[in-house]
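Each remark here refers to the structure printed beneath this line.
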C-alpha cells in the first residue's frame, strides 16, 4: 500500500510539474512566472506602441497630406500618435517594474527603451509646436493678400522644428525596430528560458520591409505633388487655406456691429494702401526678363515646341509664357534655339508657263524648345489652356 505521506508528496510534485509542462521549457532560476507574465505585457505594449502605431501615424501623414488640407490630415495623424500614448506609458511602467525587480538598469535594452520613451515626449512637443505655428507652406496660415510671394523652396520655408519633427519620427521608428528585435531575441529567452516563436520573427521581418517600402513609395510618388501645392500657396499667400470655422466663431455678430457711416457725396475714396504709386523710372515687371524657377528633382514632364514665321512674335510670346509659368510655380528650362527650317515656294505671276512668269520665295520657320520640370499634370494643363486662350497670331 501507498503511504499517505508518499501520496501527498506525489500529488504536490504533479501540481508543480503540470503548469510548468503546460508553459513549455522551465524558466531560469533567477526568474518567476509572475515576472515572465509582466515581461510579456511589457513586450506587447511597447511593440504595439512604438513598432506598430507610430509608423502607422507617419504613413497616414505621408499619404493624406498630398490630397487633404492641413486641418483634415492632421486629425488622423495626431489621433494615432495619441492612441499610442497610454499603450506606451503602460508598457514603460511595467518595464520599470521588471527592471527594478531584476536590477537591469545597466542593460542596453533598458537604456535604449528609456531613450525611446524620452524621445517620444520630445516628439509630441515638436508636433504641437509645428501644428500651432502658422506656416503658408504647411497650409495652416490664414490668407494674407498683403503678403509678398515667397519663391523659396518649401523646405526652407518651414520652421526648423517642423523638419526636426519629421526626422525625429523616422529615427524613433528605426530605433524601435531594433529594440523590439533585441527584446524577443535576447531579453525574452533570458526571462523565459526558451526562444520566442518563429511567427514573431516572421512578423517582425515582414513589418520591417512593409513600412519602409510604403514610406519611400509615398515619398517617390507624392513628394513632388506636395511641394507643388506648397509652392503654389507660397507664391499666392492670399489664397492659402485657413480654418473658416474658427473665423466664423470668432467673428462678431452682425447685429452687434454699429451701423456703417455713410460718406458724403463729395467724398472720393483714396487708393492709398490699395495700390502702390507708379514710379515712371521703374519699368513694370511684365517688361522685365521673366524669372525662372529652378527644378528640384529634374523630373521631365513635357517638352513644348514653339514655331512661327515671324521671329519677333515668337520672342514676345515666349516672354509672356515664361511670366505665366513663373506665376504658377512651374520650373522651365531656358528656351533652346532649334535650327531654322527653310523652304522655297513658288508664286505664279501670270497664267503663262514661263520662268519669268514665276517668282520664288524663301520661307523661314523659327523654332524654340522649352522643357517643363517637376510639375503636376493639373498645373501643366492650366498653363497650356491659358497659353491657348492668349495665343498670338502666327505662333503655334
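Keep in mind that glycine also has a Cβ here, set from the backbone N, Cα and C atoms.
Of the listed segments 82-100, 101-119, TrEMBL assigns transmembrane segment to 82-100. Ranges compared are 184-237, 238-291, and TrEMBL records region 'Disordered' for 238-291. The list of residues near the transmembrane segment (41-61) in space but at least 6 beyond its ends in sequence, with Cβ under 8 angstroms from a Cβ of it, reads 73-74, 76-78, 80-81, 83-85, 87-88, 90-92, 94-95, 98, 113, 116, 120, 169-170, 172-173, 176-177, 179-180, 183-184, 188, 207, 211, 214-215, 218. For the domain 'Cytochrome b561' (1-225), the predicted model reports an average pLDDT of 81.
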